[in-house]
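Q: For reference, TrEMBL lists these features for the protein:
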DOMAIN    B:3-116  domain 'Response regulatory'
MOD_RES   B:ASP52  4-aspartylphosphate
DOMAIN    B:127-225  domain 'OmpR/PhoB-type'
DNA_BIND  B:127-225  DNA-binding region
Number of protein chains: 2
Amino acid sequence: MARVLLVEDDPTVADVVGRYLSHAGFEVDRAGDGHAALALAAECSPDLVVLDLMLPGLDGRQVCRRLRERSAVPIVMLTALGEEADRVAGLETGADDYITKPFSPRELVLRVQSVLRRTLAPPPAGRGVLRAGSLVVDVAARVATRDGESLALTVREFDLLAFLMAHPGEAFSRVTLLERVWGWTYGDASTVTVHIRRLREKVEADPTTPVLLLTVWGIGYRFEAGVSASGVTASGVSASGERS
Amino acid sequence: MARVLLVEDDPTVADVVGRYLSHAGFEVDRAGDGHAALALAAECSPDLVVLDLMLPGLDGRQVCRRLRERSAVPIVMLTALGEEADRVAGLETGADDYITKPFSPRELVLRVQSVLRRTLAPPPAGRGVLRAGSLVVDVAARVATRDGESLALTVREFDLLAFLMAHPGEAFSRVTLLERVWGWTYGDASTVTVHIRRLREKVEADPTTPVLLLTVWGIGYRFEAGVSASGVTASGVSASGERS
DNA sequence: GGTGTCCGTTCGTGCTTCGTAAGAAGCAGG
DNA sequence: CCTGCTTCTTACGAAGCACGAACGGACACC
């Protein structure tokens, strides 16, 4: 599983936290001061760093900055006080989250997992808002609306739609979709066909003559890139402003 | 690099975020309220706007709408709470992404970069698009158009055309085409002949006197690399040898 | 335990596409 | 002009493909 570098000078705290993290399934490396932390980070390239702000020698903030100079590894900072000033300072130097002492080890583990989920999971694809005409898909919130009304899409339907909209105009074979949306490398491709059908039923104005989810004969499916992909094209907006 | 307009009334937040964005290589303009934002946007035409939803004077939502009326500039919205109402409102007014407070500045930078990547480099860019005169073939989308109108090509026809257009001017024997397009090492070469004919029917202006898919006698076929960019019509084509 | 939703599969239907065959037309050389 | 070869054209049967409808299992919620 993931590898965590724990930077903490107090042996007692380090011990407790280290045990908790190990128990949660992380591989834990430990460093007692800033220099050791930088050296270890360079050596084992951890997936996340838990960093005490108060350190002997190199200050935690400096360590944070130095780490940032050469990698984007997520950092969770341990601060002594819960003051806004400290928090801003911590975030400014590049921390992804912080937790104030005294803290429960359990909470720290939760934060670590949360940060990892945030930084590891999202990158591949899908964040932000996808649009096509009056169809709006919020990938993060998992909400799809058309003309302001929310659509009741199931999990698979949503993923399929989001994926296709994230690659507008590109044609994908059923097998490819099965692989990229379902995460399968085997399985029956007709599954995709059926889901496309169900999706059209909900998304298309006239499901029998689709204009968004198009069939590419002999290949698979493609999301309409055509008009008004991103941004608002002339036709729809006007209304309110109307000064002429 | 890209120019970002940051609209935020809280000076502390604006300061931190602004510094992060600068550090990430963006040129940052700042506005403290809605009116200033609109004025600045008109003046420096930013590549992206980071917009706080909660603003003194002109509300962020109104700013968003006003921006949208005159440009398609990407907008990342900062919302106070993860409230459903706020989100939906933001989405409906045309934001491209949103992020809820409290947020880590790093995450904001990532979002900004992600949105820019999405909106600045839209699909038909680096993707394989083949052109010859008014004939455009988008390999990824598997769409072929002539004079803007899409051509209904079948799988084989498309593959054949794409292959020939990818090697303009080069002549291929039927057997070679059978091998490279069909993936066959055996089989009847007349298959190719028929498909060329069908393709001409759809692609050539006058199928009886082809100008794109040319026959090379005794060899096979070749795609015309030639000129004829704009309206250079046939009239005098007369090929090379004008000897009677 | 019952109910409803979601999901993956299967089957039948109608249409599209493909490859081949066979005759007509075109080109080159003697 | 004739001959042999190549290319064009047309037509047709078979296979492939997309679609729609319906079924049974899995799961979560009540």
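Backbone N, Cα and C atoms are what each Cβ position is placed from, and that goes for glycine too.
Source: prediction; values computed, not measured.
Help me picture where these features are in the structure shown.
A: Broken down by DSSP into helix, strand and coil, the domain 'Response regulatory' (B:3-116) contains 57 helix, 24 strand, 33 coil.
Sequence-distant neighbours of B:ASP52 (4-aspartylphosphate) (same chain, 6+ residues apart, CB-CB distance under 8 A): B:VAL7, B:GLU8, B:ASP9, B:ASP10, B:GLY60, B:MET77, B:LEU78.
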Q: Taking the domain 'Response regulatory' (B:3-116) alone, what is its mean pLDDT?
A: 86
